[in-house]
Amino acid sequence: MQILANADLSDFHTFSIEQSCQYLVEVKTIDDIKDVYQNSKWLSLPKLMLGKGSNVLFTQPYQGVVIINRLLGKKVTETADSWHLHIAGGENWPDLVKWSIEQGYLGLENLALIPGCVGTAPIQNIGAYGVEFKDLCEYVDVLCLKSFTIKRLSAKQCQFGYRDSVFKHDLHQQVVIVAIGIKLSKNWQPNIEYGPLQSLNIDGLTAKQIFERVCQVRTDKLPDPAKLGNAGSFFKNPIISQQHFLKLQQTYPKIVAYSTPEGVKIAAGWLIDQCQLKGVAVGGAEVHQKQALVLVNKDRASSDDVVKLAAKVYYEVLKKFQIQLEHEVRFIGSHTETNLANLMIEKP
Ligand code: FAD
Ligand code: EPU
């Protein structure tokens, strides 16, 4: 197990902002993870499991142990009607999607190019282009940090919601996800209901063609973190009441909205765009020119720059639309997770 002291985290998260941690370790086995959590020298230190760092913002130097997930391995079994994929948590999600299509295990194509580890996918129930992780999840295997035993959670026990799951609530910091199970039907059906996929011709359409279209749309719209640091959508799309929506629609007839069982989901990118915030910067952080929902590290941004820019976006949207945006990106403070509201109180 490789251990680095006072490590720079820039290469371990996609915002690529300079920030340090007390220790950085890469784990390749479940025993490695147990060793880190049970190491007597580190018992009092906070610990943070990290995949590819594509959904985090380190707001301060992390005074603890950052654990990089390198658990690898794939197993495939089949039943009469399905393929069952058992994938170790440290595998790369985009590589898994590409590989599964090449092998003829179809159904993951809409989730192409979402950065991150396989073991992180359940946490916010990753989703794109009309499909969510929950639609394909059979189970999630976790290492319980109290008993140090492996438990298997059914998809139902994961309590998946929009960018949400039990791992953000009751099981937050209680477990490490070590593997997932995915079930893919042998009777593959295309899902092309989401906007940019609707123009595909359904006749003879293949999963590979959907995969390629999704990759193309994503590459056109979203900045590549290898070139421009970012963490994808910075905020979630807010869900508001029907009453609030109807009132807004009178003033803004072009408001982009989708009806959901919980209420009306509004496109946060549209809201931010309407506030004329595209290209607006604080220090080195900028609201992306092509997609207002993405904040980017334009020019050696500090985490404070990103936090101040996020606060500006939050207040402008609140003032114009009376909607409180909630950030999707996880804010990691010096010892624990924090959030924009806490940081705005500290630094108004
Ligand atoms: P990390 O950022 O490493 O971790 C995220 C959180 O999970 C942290 O709190 C971490 O402590 C915790 N964690 C990580 N691994 C474990 C584990 N094994 N056990 C327990 N806790 C753990 N998301 C979407 O849903 N849809 C999209 O279309 C999408 N597009 C994106 C596009 C870009 C360009 C980028 C940069 C991000 C995008 N995202 C999208 C967000 C991101 O890809 C997902 O949230 C992804 O699942 C994060 O994986 P990760 O391994 O990088 O997580
Ligand atoms: N829009 C604007 N201006 C903008 C950005 C968007 O008007 O600057 C409008 C678009 O024209 C469109 C609508 O907002 O009508 C929605 O935009 P888009 O299709 O790009 O999707 P999104 O709501 O911005 C969500 C997810 C993405 C996911 C895409 C595709 C959230 C928070 N984001 O983005 O996920 O890839 O749909 O399904 O739900 C992520 O979570 O990090 C992420 C990138």
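Backbone N, Cα and C define each Cβ position, glycine as well.
Listed in TrEMBL for this protein:
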{"type": "DOMAIN", "residues": "17-187", "note": "domain 'FAD-binding PCMH-type'"}
{"type": "ACT_SITE", "residues": "ARG163", "note": "active site"}
{"type": "ACT_SITE", "residues": "SER233", "note": "active site, proton donor"}
{"type": "ACT_SITE", "residues": "GLU328", "note": "active site"}
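In this structure the alpha carbons, written CA, of GLU328 (active site) and SER233 (active site, proton donor) are 7 Å apart.
Per-residue confidence over the domain 'FAD-binding PCMH-type' (17-187) averages 98 (mean pLDDT, predicted model). Distance noted between the C-alpha atoms of ARG163 (active site) and SER233 (active site, proton donor) is 11 Å.
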